[in-house]
Each structure stands twice: as C-alpha cells, then as structure tokens.
Amino acid sequence: MHNFTFTLFFLVLHIVIETALITCISMAIPSFFVSFTKILLGFCLLCTVHKDFVVAGFEEVRVEHDTNEPLTNGSITTAGTGEDGRSELCGTDLSFLGPPYGNMSTAKMVCSPIWNTFVLRYHQREDNVMTIILSAVYTTGWVGIGFSRNGMMLGSSAMVGWFNRKGHARIKQYYLQGAHVSQVIPDKGELPLNGIPPVVALHGAMIYLAFQAKFEHRLGRQPILLAFGTRYPTGFHHLTKHDDKTAVWFDFSQASVLNIDTSQRKNHGILGLMAWGLILPAGAMVPRYLKHKDPLWYYLHAVIQFLGFILGIASVLLGIQLYQSMNADIPAHRGIGIFVLVLSILQVMAFFLRPNKDSKYRRYWNWYHLYFGRMALFFGSLNIVLGIQFAGAGDDWKIGYGFLLAITLLVVIVLETFSYLRRRRDKSNLPSNFQMNTI
C-alpha cells in the first residue's frame, strides 16, 4: 500500500504540475476555457454545424460603396468610421510622396482604414501591377505591412519603413523566416516588387510607406499582417520586437476587412498540448507503474486515455477549421496529425477487441497495443514541436513545453526508482527453495 500511495502521488503531481503550466500559458487567452467547455459539451454537434463552426472566429468589416460605381476614394465609408473621419484619413493630398505615387489621382485609389490608425490605399491596374500606400500615426520605431499565405507570420514577406535617429528615411523588404527577431531577414522576401523604388515619408503626424508590386493575378482575398514597434531597428537594419500586431483578411476586390481570430490557433495548440503532452503520457504510465493494483490500473488507464482521445479529436477539429478558414496548409504537421489520429482510433478499437487473458491471440494483441501506443505518443510529441515551430509561437511556448517534458522525465525516473525498489522488496520476501539433504 505504501508504494501504491507514492506511485499515485507522483502521477497526480505530474498531472497537477503540467496542468498548472498549461493554465499559465493559456492565461493570455481568456476565452479558452469557455471555448474548451463548448468543445466538450458540443462534441457530437460539431459535425452537423460544421459550416457555422468554420466561420465562428471571424468578424467582417465591409467597406460600403455604390454597386453602380467603381471603388474610388470618394465613394467609400468604413464601418465604425464616420464620414468626417473617413474624409480626414483618406482625403490627404499625396503629392509629397513624389512620382509615381504622388502623381496618382486619389479618385482612382481605394482607401480603407484597416486597423487602429493604419490606413491602406491601393490601386490595381489591369496588368496586375498594384500600388500600395500604407499610413499610420508615427512617433518613433518602425511600421510594417506583410503579405502572408495563410495568416501566419512564418514564411511571409513584409515591407517595413522607419526614420532613424538622424532623421534618415529607410524602407526595406523583410522575409519572416521565424518568430525570433534574428529570423526576420532584411533585403529578402517574395513580394514581386516591379523595380519602382519604394518610398517612405513623414507628413504631419503620419508615416507613409509606398511601393509597387506586380502580382501573377489580381488580388482578391489576401491575408495581411500589420505591426509596429516603437524602438528603432538595430545593427544592420535588424528589426526590434513589435509592440503590437494583427492579422486580417483583406478583400482587395471589395475593400473589406475580415479579422482573423488568432485565439483559434492557440486553442488548437493548447488542446493538442493537453492531449499529447499531458493526459495521454500520464495515462500510459498507469499500466507500467500500477499494474500490481489489478483491476484499478485498467480502469484508470482506460478513463484517462479516453479523455485524452476526446481532447485530441477536439484539437483535430480545430485544425480542420484552421485549414479551411485560414488556408493554414502545413503538410508535415497535417500529415503527422492524421497519422496520429489513425493510431489513436486503432487504440480505441483495441479496447473493444481485447481478447481474454487465456486467448492465444492475447500476446499479439499486447504487442500491437504497446507499440502502436508508443508510436502514437512519439509522433504526437513530435507534432507538438512542429506545430510550435511552424506557427511561429514565441519562446514562452518552447520553454513551457520543454519544462513539461522535463517534468515528465523526472516523474518517470522517480516512478522507475519506486518500481525497482518494490520489485526488489517482493523478491527478497519470497521463501528460499527448500532442499533435502541427500543420505
């Protein structure tokens, strides 16, 4: 009973510590627990309301215009911005930018407030050459606009402009290779600039970034990244960390903004972390360290693993939602996720196909259940690492998951020690073999 108490204590300690860790990570997501509860309670309803579920995380702000008139500066109003505010933001004479940007008629340019003080002006020609002018209130630091494939920072390209301490204008393209500042590479990127030099200028309290790009086709619905930092770039034009950022879908054909709910990605990550980083590893420890408590270990193992399976399914559903609504196409992460899902389903099937102890197939079933389970845990952990990397998650996620793995390893070492001591004690308590003296 003493060893059982210690074993159960360390298993509970493992779950409590890891749950506290994940709770700390999710503190930045106030809506997570509400969403998580809805996921569990509405699990069986998700398939029937899938279409509504896909668009639940988006809020559209459409720029209204007369359908009989082309999109021009004079015919645009923006939701949440009055006519006076629109005129003040979009009615500025741009001649201070110089040619070719200052020569363009404001009547031909679409103007739309897009985020905070950010205002986006653009004109798309028939040959798919687009002139883009971004403006925002400016004091110090830098301002940037990025073009993304899927609403994520990783793999995006951005135009960033600023004025240094000496008042010199700087504008460069950056390739966003990762979330760390060292992975934001200057003078690289995939934006197809057409050779017309980009311009950055100050006019009143606003900074203006202007550039031209020739795209392969006319832009429609496009993920846009917006960010600013109040500290100047350092060294060889290396950007400092942003003070604020956002990601939106901007429809260039209708001048409408569709806000991307980034909490969906965080919820997907937290559910996957809870399932494959906490619940399922804890459930896998039960048969190894509590098997001497039959049949308690069996019921604990089944209940914990089933809970982990439900959380894993919820994580997969959120992943499908992200893939369909944000075009979050990460082949390696998605492929491993599908593989792990198949392994999980096979493990659930194994629960219902478990042969009796005296069956001649029981040995093969044990091998199948053991090694398929280990494969699922390994690839589930690998997919967590890939998800953190591909999503461009911050250092908090990396440190948090590393700490979780360290706690898991520590718990395994402690439980292995107690298991070894228990087996040694049981062996020493066995009666010695009785031998008769020969005459």
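Note: Cβ is positioned from N, Cα and C throughout, glycine not excepted.
Annotations in TrEMBL come from automatic prediction, not curation.
The following features are taken from TrEMBL:
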- 6-29: transmembrane segment (TRANSMEM)
- 116-229: domain 'DOMON' (DOMAIN)
- 129-147: transmembrane segment (TRANSMEM)
- 234-424: domain 'Cytochrome b561' (DOMAIN)
- 298-323: transmembrane segment (TRANSMEM)
- 335-354: transmembrane segment (TRANSMEM)
- 375-393: transmembrane segment (TRANSMEM)
- 399-421: transmembrane segment (TRANSMEM)
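Comparison of 298-323, 335-354, 375-393 by number of C-beta pairs under 8 angstroms to the transmembrane segment (399-421) places 375-393 first. Per DSSP, the domain 'DOMON' (116-229) is made up of 3 helix, 65 strand, 46 coil. Model confidence over the domain 'Cytochrome b561' (234-424) is summarised by a mean pLDDT of 85.
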